[in-house]
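Undergrad: Quick one: structure below, then a few questions.
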Amino acid sequence: MSDGDAKPKFKYYHYDPSKAANLSFVILFAIVSVGHLFLIVRKKTWYFIPFLVGCLFEAIGYVGRVIATGQTPNWTLGPFIMQSLLILLAPALMAASVYMMLGRLVRLLDAHQHSIVRTTWLTKIFVAGDVLSFLTQGAGGGILSNADTKKQSDLGSNVLLAGLAIQVLFFGLFIITTVIFHIRITKEPTARSFSVAAPWRQFILALYAVSFLILVRSVFRTVEYASGQDSVLLGSEIYLLILDGALMLICAVILLVYHPSRALAGYKDDVTLESLDSRGPSRGGILPMTSPGSPGKHQQVPNQPGMTGYQSSGRPSMTGYQGGYAN
């Protein structure tokens, strides 16, 4: 039998997994999962379901590690595959929801011109990259878990590395896109950015934090798999617990506190406002009155004969408002 066909000397763990540490992650991820489920259902933020599934993947993955602690040193394949694949793939699911949030923020602030990627393509491009990363990592993990030869093991590792590299690439581009948008909206704020009551500035900072943590975790896993079975990173459980488990748990907590239902409050109302702006004011309705020093404010304008429009000074004008209703 050639070296390429030889049975690989694969060792499930290079340490004895800690029951206390892994059980703690099971409990903590389960708690944040319940919190996210509650907010998703109550606030109807259905696009955040992938993030919830990612949290559940983490919790179940660490259940696999808890099971493994009772098998030391005669570990079995089932719990190993369970923890390996679920913990590996969970961040890709979380990332999908994170990508969707930026597009919604751009539309909420009516700041399409500040995005370097067209808003209609913003979410699609990054989610497509995330799906590609997820599928590639899943394929690589599947090949690696069922490898019977060294050649198959190497193939699985290379495919998995490609998936992680795709994730790092797209998340890096996403962070750059977010930074540029933040700089532009700060230098040239839109009227909507003043009138929106949602704490979108805090939300952008939360988005930075979550993106950075997921990126660091992805870089860690890339280096871990690239270093091979004898790497220092695989030799101690502490690296996985801190650079993967803890970072993803912090991400889940951050977006539980700065949940899109709160940070992007008014997103649905944004659609209504745009439709109203496009067809003009209704009779006796709220007209967008912009005055120096107070952009984005609205003022009630009573209906009076011959006074259907408005001026930026805040006084009704005698001229008609284009697109309005005639008295």
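Placed from the backbone N, Cα and C atoms, the Cβ positions cover glycine too.
The shown structure was predicted, so the numbers you read here are calculated from the model rather than taken from an experiment.
Straight out of TrEMBL:
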type: TRANSMEM; residues: 20-39; note: transmembrane segment
type: TRANSMEM; residues: 46-68; note: transmembrane segment
type: TRANSMEM; residues: 80-100; note: transmembrane segment
type: TRANSMEM; residues: 121-139; note: transmembrane segment
type: TRANSMEM; residues: 159-183; note: transmembrane segment
type: TRANSMEM; residues: 203-220; note: transmembrane segment
type: TRANSMEM; residues: 240-258; note: transmembrane segment
type: REGION; residues: 278-327; note: region 'Disordered'
type: COMPBIAS; residues: 300-320; note: compositional bias 'Polar residues'
Undergrad: Return the stretch with the most CB pairs under 8 A relative to the transmembrane segment (240-258), choosing among 20-39, 46-68, 121-139, 159-183, 203-220.
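TA: Most contacts with the transmembrane segment (240-258): 203-220.
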Undergrad: Cβ pairs under 8 Å only, please: of the recorded stretches 20-39, 80-100, 121-139, 159-183, 203-220, which one is richest in them relative to the transmembrane segment (46-68)?
TA: 80-100
